[in-house]
Amino acid sequence: MDGSGQQTDTMMSDAGAEQPPPAPQPVAGMDNIPATLSYGGRFIQYNIFGNIFEVTAKYKPPILPIGKGAYGIVCSALNSETIENVAIKKIANAFDNKIDAKRTLREIKLLRHMDHENIVAIRDIIPPPQREAFNDVYIAYELMDTDLHQIIRSNQGLSEEHCQYFLYQILRGLKYIHSANVLHRDLKPSNLLLNANCDLKICDFGLARVTSETDFMTEYVVTRWYRPPELLLNSSDYTAAIDIWSVGCIFTELMDRKPLFPGRDHVHQLRLIMELIGTPSEAEMEFLNENAKRYIRQLPLYRRQSFTEKFPHVHPAAIDLVEKMLTFDPRRRITVEGALAHPYLNSLHDISDEPICMTPFSFDFEQHALTEEQMKELIYRESLAFNPEYQHM
């Protein structure tokens, strides 16, 4: 589970239908978690799966565990001040690993900068009870019901309209992200959150980067199955087109209910791509370095498959759009604006309701090697922006 709280097997209503989302369900046997007041009643402690979960007192019981990941645990809770249910992610020992701490800081700063219906919102950064003992980070996000990965895996029926509406919302959110001079770099079904009203929100910006940056191999980028050829071939021609490739893979998986390119490793991943879209021509390889070109030339020659024959149940206009997204050469791949204006999305596209970010996001805070203490201070300041009353506590 990524970024926000989700649960499985949520029933999806017709696209756009007004229907309140179901309340998140507690994990079996965890519906009566005792709460202990701490720090003079300013905080509440819960023991969840043997982990201490400590939040400000405005988050009233009951608190419900809704997910667990490598980073820690996610619970839903009610903010008694705003009367809103939120998903609170605890990142345990958040500063032990510098790369992970930087990811957390990046996600917080990016999501606070962005304001869009198709991007998950941060509702709170919960301040630590003691500034000098700041080890765990608690981030409250708007609560969603499930994610696209869970829907694809379930036996939930999806109409053509559902798939079309989900694709439109992904592209609408991505247009805003790219307009902020940001690449998401890790788009995949589990990073696309949904509620029962079919609203879709993009989450998990921990790997996001500025569009002009080329030093991209410093961290793990894009889950392999959704990774474009230029990344698999270590190209330095690194543009917003990487996200478009991922969207093409996601949309195909949504319609076919199985991953398009489930590669076991880099080599297998590239082979699966070539088997579908064919070996690129010399012109299509122009952007690659000589090593990458040499590597492709020594591979078997693959003929392009017919997308129409491979996906006979898919609307021809959808096939045309997918082919434009899954173009080998990133310079020729359709842009997010081009995809939104494609005939397949005619019934949904409305340029006056597809806002852009007016202020490009600045990654200046990453220009210097931050110490653990500096990262703590920056995240602490973010928490005070939500909780100014804790400034002098």
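Quick reminder: no glycine exception, Cβ is built from N, Cα and C everywhere.
Feature annotations, reproduced from Swiss-Prot:
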type	residues	note
ACT_SITE	Asp186	active site, proton acceptor
BINDING	Ile66, Gly67, Lys68, Gly69, Ala70, Tyr71, Gly72, Ile73, Val74, Lys89	ATP binding site
COMPBIAS	1-11	compositional bias 'Polar residues'
DOMAIN	60-345	domain 'Protein kinase'
REGION	1-31	region 'Disordered'
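All features noted in Swiss-Prot, drawn onto the structure.
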residue	record	Cβ neighbours (10 Å)
Ile66	ATP binding site	24
Lys68	ATP binding site	16
Gly72	ATP binding site	18
Val74	ATP binding site	25
Asp186	active site, proton acceptor	24
Inter-residue C-alpha distance, Asp186 (active site, proton acceptor) and Gly72 (ATP binding site) (nearest angstrom):
19
